[in-house]
Every structure is written in structure tokens, then in C-alpha cells.
């Protein structure tokens, strides 16, 4: 029998050159009479004979299926090389120019899409009218709809095969960069102080949204207001779970443009991030409940345990991967280029590991990203930190844009129009209930937050309205509805309602959120910056008074966040941070640091060469917000000051300074030396050593500035006296600033600039010697 089978297999491989997947699938049923219609005409009789031979071999069904699988695998390999093979067969020589469209079609079109996304963002942000009317996500959906109409006649999707939505591609390639970039952006004091409120909205609020929305839909269906539908209780629960996912991309963009206060921004941002994780867990539970014959309270209890296990398991895996990445980056001083690889690799490993154990990959990725920003980023260099932040931002932006374009394409380029099987009443009621339930749950939970929790400050009615109105639906809801494996009628009903919810929230609510932010007079971050020093001083005084009262009463209580911070400083940071000491965080008072940042910001805003300091101003803001360690900031300052220093030789310092001031090319060379950015060492091994050497050399050169003065002695003998020239040293330190101002302004202003720079350096020395006096003067000025 095996000899016959081998002969049959060989003959079949030779004769399957024109056989498609449908033809091979037809062979799985030996009694099928339709296999001859899908086979080539010249091979029909041959396959009939071979099929009869298979029947005579007495093969079992499992053996036959295994044989067909091998045949399919062999055929796929043959077809994969068919294009190249045909070209080699047809070509009879060396071709100078050839056309390989089928070989690079998908990759080329995808690359063009990325370029189009970049050009669209450039045009969008330079078009004031479009940016004022529509959010960016709406414009991307419209672009996808236009592309879908262009290929609307292609029923097989062959032209836009790469734009077909696949849930695995979304959850393994498009969603992780978005979640990781969001996790990296959450390192802020406002997020840490409001973590309890954010989790309350994300966990309890999401569950309440699902339960209330499902209950309202069931009641309306039971009463008969919406008519009769073939939707079961579990189908309604699944639909409520998938439309509860919040994706406020447009809202956050408006918040950044308007400049709302940090508390409102991070509450909406953090709630939407954790909301996605809770929504996916609840959706998976609803899918598992559908497979049960009868739902009991015992199954509900198991579902609650599964929810806790999935969430806690993902949290543990994320923390473990974050700790490993932080520990590994302690030893990357000699190989700086691997630092981004370690951070990205461990973060993605946390996501995949959690999914492998059926835990929440989103929770694992959030935990790993937050852990890396607090510990691993303290070990990496400033260039690696900048690379990590920019790479995640670019990938996140591309993935978000591609998701919205795919949403628009699939809206009009489905196998059937989405409105052929949709129910307008069900979709309209779903949209209204999503908005109403969101408002009700937000106001209900905010009442308890304002009454019974120790929040940082009261959440006003205007902010509650914006938080409720900003509950847009997007990519997660769109992806989850495609994963439903119910009957076509049920899936099309849910798909049409989900499309209606996504389009309404993004187009209507996303377009009007900016108007509500302005009309409701939401508290902005700029108003808080004017009194920030006073607020910090007031909070510190209240905290010290509270500690004193607690000591007198004998009852000392610390919040959970403070206890976690103390444990981190005592045990975790010495283990995971490089060169960490207990007094590292206390080397400078908080008020002194904040006052220096405020003074620097005011000086940069009042400087006529403000545009030249735009990059440094951004670095200062990152350091103040905690996104950039101050040690890295000091290294950056060292690098910039080095550009302004000139090694004084034996020639006169004043003459050399005047030549530098008059020569624009020398000034530009001092401000930006292209050879400084080139690293011959690909591993960036000696980066920190170079920075330390530059700082040491700068201090050494400061003592070499001197001038020679000729005097006459008692007996008329001339002699030369060399002494330190402080004015010349200050002039050399100010060369960079003078150069920038000399390019932008006439040369008559250079003397004033020198005097301002000397005054600034004098104030800086006074501040270093008497920091308390500087704080007092700054406070008197602010009052």
C-alpha cells in the first residue's frame, strides 16, 4: 500500500500545477462530485483515477486529511516560487529593466501609505480651518472611506489585501506601540497623586458602564420598543463590553492644544488606558459565558476570580520584565546602543508572555512601561532616552493613523454594505445609551470622589462634563466586534451599531469638544504656572505642620504612595539604579530647584534670542515634570557650555573675543559643531567619560584667563604684571549668546548683551551661594 501511496503522491504533485485551494479542499470529501469543476480540464480524468486509487488503498479519514495537508503545504511552496520561476523561464538573457510589481506590491503600497500619513499630518497641522473644525482622527477616517470607495468594485480585496482587518495583526503589531507610548507618557506627579481616582473610573466605571448599558438594552428589547431581534442575553453583554472601550485620541489632542490642567489631562488619559485593559478582559469573559449551556451564580463567581487572576497575573509579569530591564541597564555603560533594544524587547516580552498565559497583555505592558520610566530610564544615557521616546511616539502615531484609515476602508469595502443588515433603531438607541450611561456613571463616581476620598482638589462640574463628553470610541471597539464568531445576522447587527457609535463619538463629539472646553472655562495649566512656587511652598508648609501635629498626638500615618516611595528609596532603587545613593534625591531642596526652573523659564521668555533656546527650554520642562533626570540635564548643560568655550592661547583674549563676535561662521561653528555629533565608537562606550572630561577641562580653563599689565617700578624700571581677568572669562563664557544675538540684531546691541550676561552670571553665583535669599526675592516679586 505504501508503494502505491508513494506513486500516487508523486503523480499528484506533478499534476497539481493548476490546482487551487478550492480544488484541494474538494478532495477532502471523496463522495463529492464537484471536484472536477474546480480542477483543470486536462487533469480531471487523471484526478478521478487517482481518487479511485485512494479509495482502494483503504486509507482512514485521519490519514487522508494528513495527506491532503502535506499536499497543500507542498503546493503553497510551489506557488510562492512560481513568480520568480516563470520570470527565469521566460527570460532568455540579461534584462536591463524589468517589472516586479507583484513581488513588492504589498510592501510598496504600505510604505506609500506611511508617507501619505506623514504628509497628511503635515498638511493638517498647517491648515488652520481643517484643524479648527475636524479632529485628526475624523480626517483619517474620511481618507479611509475615500480609499474604500476607490476600490469598491474589488469584491476579492486583491488590490487592498494588506488593509483587510485581522484581529491578530491589531493585537500583536498595532496595539502594543500605542499602549507602550501611553505608559511612557504617564510618568508625572499628577498621575501618581490621582492613581486611586483613575483606577476607580477605569475599573468600577467600566464595569458599571457594561452592566447598565446591557440592562437598558435588554429592558428596551423586552418591552418591545426596538422590535424583535435575534440577540440573546450574552450577545447583548458582549456588545456592551466591546462598546465600553474608550479611545479619546481626539480629546487628548484638544487638551494638548488648549493646555488644560494636568489633573484633568491625566485623569482622562489614565482612565482610557486602563479602560482598554478592563474592557478586553470583560469581553473575553462574555465570550466564554456564551459557551455555557446554563449560566449560574457559580459561573459568575468563577468569572470574578478569572477577572482578578487575569489582571493580577498581567501586573506581575509586567513588573518582573520591568525589573529585569532595569537591572540589565545597570551594566550598559560600555554598550549604549543596546539600551533601547533592552527596553523595547522586555516590554514586548511582557505583552507576549501575558498573552501566552491568558493574562492581560495590556496591563502587563502598562506595568512594564511605568516601571521602566521610573527605574530603567535612570540608568540609560540622555541620547538613549530621547531615542526611546521618539521611536515609541513615531510608531504609536503611525499605528493609530493606520487603524483609523483601515476603519474607513472597511466601512465601505466590506463583502456587503454594512447598512444592508443593520438595524437603525438598535444603532440609534445604542448611541444614545452609550452617551447617557457615560454621563451618569462619571457624575455618580465623581460624587464619591469629592466626598469620601482625599483627592488633590475638588473635581468641578465643568471638568466632570468634559470627562463624560470625552468618552470617544475607536480602535479597540472596532477590533473586538470583528472577533465575534456569532451567526451572520447577530454579527452584522453588532457591527452596524458599533460603526454608528464610533462615527458619532468621533465626528460629533470629537469636533465639538474644543468648543465646550472654551465655553465651560476649563482651568488651564498656564494659570497654575504663575502661582506654582507659592502652591508648592504652601503644600510643603501644610505637610510639615501636619507631621508636627501627628508627632504631638502620637499618631503618625503615611499614605500608601508615600510608603511605597520610602520602600522604593530604601530597597528597590539601590538594587536597580546605577550609582544610587540615599542622599542623591536630597542634594538640592525642592523649592530651590523649582525657583531655578521658574527663573530660567522667565529669562528664556524675555530673551530676544528665544528661538535659539527652544530645545533647551523643552529639556528643562522635561526635567521639571520628571520625564528627564536632572543628572542627564546637567550633562546636557555641560555639552552646550562646551560649545561656547574657547581655549585661550598666549594671544590676547580681548582681541580673540572681538574676532569671534564679528565672524558669523565662527559663531555658527561654536554653536553647532557637526563633528561633535559623530561617534567613532559605535557602542558609545566613552560617552560619559567625555562629558566628565569636558566639565573638568572647562573648570581648568576658567583659571587660565589672565591679562598682562605693564607698570613702572620705583626706579623707573618697566615690569609686566599678570593677573586674573574676570571680565574676559565672563566674555568668553558669553560668546555663544552674543553670537546668536549678533546674528538676529544689529551689532550695536552687543554691549548691552554682554552687560546682561554678566548680570545673569553674577545672579547665578549669588543664587548658588545664598539660595534662600533668591527664593525670598522671587516670592516677593510674585506677590
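Any Cβ shown, glycine's included, is placed from N, Cα and C.
According to Swiss-Prot, the feature transmembrane segment maps to 1-18 (among others).
When pLDDT is averaged over the topological domain 'Extracellular' (19-108), the result is 55. Annotation comment: Swiss-Prot describes 19-108 (among others) as topological domain 'Extracellular', evidence class sequence analysis.
Residues or ranges marked as transmembrane segment by Swiss-Prot on the basis of sequence analysis: 109-129 (among others).
What Swiss-Prot records for 133-153 (among others) is transmembrane segment, and it gives sequence analysis as the kind of evidence.
Swiss-Prot lists 154-159 (among others) with the feature topological domain 'Extracellular', giving sequence analysis as the kind of evidence.
According to Swiss-Prot, the transmembrane segment annotation covers 160-180 (among others).
For the topological domain 'Cytoplasmic' (181-206), DSSP puts the residue distribution at 21 helix, 0 strand, 5 coil. What Swiss-Prot records for 181-206 (among others) is topological domain 'Cytoplasmic'.
Below 8 angstroms of C-beta separation, residues 233, 236-237, 239-241, 243-244, 278, 282, 423, 425-426, 429-430, 433-434, 437-438, 440-441, 444-445 of the same chain, each at least six residues beyond the ends of the transmembrane segment (207-227), sit close to that stretch. What Swiss-Prot lists as transmembrane segment is 207-227 (among others), and the listing cites sequence analysis.
According to Swiss-Prot, the topological domain 'Extracellular' annotation covers 228-235 (among others), on the basis of sequence analysis.
Counting residues 6+ beyond its ends, the transmembrane segment (236-256) has Cβ neighbours under 8 Å at 135-138, 206, 209-211, 213-214, 217-218, 221, 264-265, 268-269, 271-272, 275-276, 279-280, 282-283, 285-287, 289-290, 400, 430, 434, 470-477, 480-481, 484, 494, 497-498, 501, 506, 510, 513-514, 517 in the same chain. Residues annotated as transmembrane segment in Swiss-Prot, with sequence analysis given as evidence: 236-256 (among others).
The annotation topological domain 'Cytoplasmic' is assigned in Swiss-Prot to 257-262 (among others).
Per Swiss-Prot, transmembrane segment is recorded for 263-283 (among others), and the stated evidence type is sequence analysis.
According to Swiss-Prot, the topological domain 'Extracellular' annotation covers 284-299 (among others), on the basis of sequence analysis. Note on the topological domain 'Extracellular' (284-299): DSSP counts are 10 helix, 0 strand, 6 coil.
Remote same-chain residues near the transmembrane segment (300-320) are listed as 277-278, 281-282, 284-285, 288-289, 350, 353-354, 357-368, 371 (criterion: CB distance under 8 Å, separation of at least six residues from the stretch ends). What Swiss-Prot records for 300-320 (among others) is transmembrane segment, and it gives sequence analysis as the kind of evidence.
Marked as topological domain 'Cytoplasmic' by Swiss-Prot on the basis of sequence analysis: 321-350 (among others). Counting residue by residue with DSSP, the topological domain 'Cytoplasmic' (321-350) contains 26 helix, 0 strand, 4 coil.
Long-range Cβ contacts of the transmembrane segment (351-371) within its own chain (Cβ-Cβ under 8 Å, at least 6 residues beyond either end) map to 171-172, 175-176, 179-180, 182-184, 186-187, 273-274, 276-277, 280-281, 309-311, 313-315, 317-319, 321-323, 325-326. According to Swiss-Prot, the feature transmembrane segment maps to 351-371 (among others).
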Q. Do the transmembrane segment (425-445) and the transmembrane segment (263-283) share at least 3 Cβ pairs under 8 Å, sequence separation 6 or more?
A. no
Q: Mind pulling out the one from 109-129, 133-153, 263-283, 465-485 with the most Cβ pairs under 8 angstroms to the transmembrane segment (493-513)?
A: 465-485
Q | Per Cβ pairs under 8 Å, the stretch of 109-129, 133-153, 465-485 packing most closely against the transmembrane segment (263-283) | A | 465-485
Q) Can you count the other CB atoms that lie within 10 A of the CB of residue 379 (N-linked glycosylation site)? A) 26
Q: Please list, for the topological domain 'Cytoplasmic' (257-262), how many residues fall into helix, strand and coil according to DSSP.
A: 3 helix, 1 strand, 2 coil
Q. How does the topological domain 'Extracellular' (486-492) divide up by DSSP, counting helix, then strand, then coil residues?
A. 5 helix, 0 strand, 2 coil
Q | Contact set, same chain, for the topological domain 'Cytoplasmic' (321-350): CB under 8 Å, 6 or more residues outside the stretch | A | 176, 180, 361, 364-365, 367-372, 375-376, 379-381, 383-384, 387-388, 391, 575-578, 682-685, 687-688
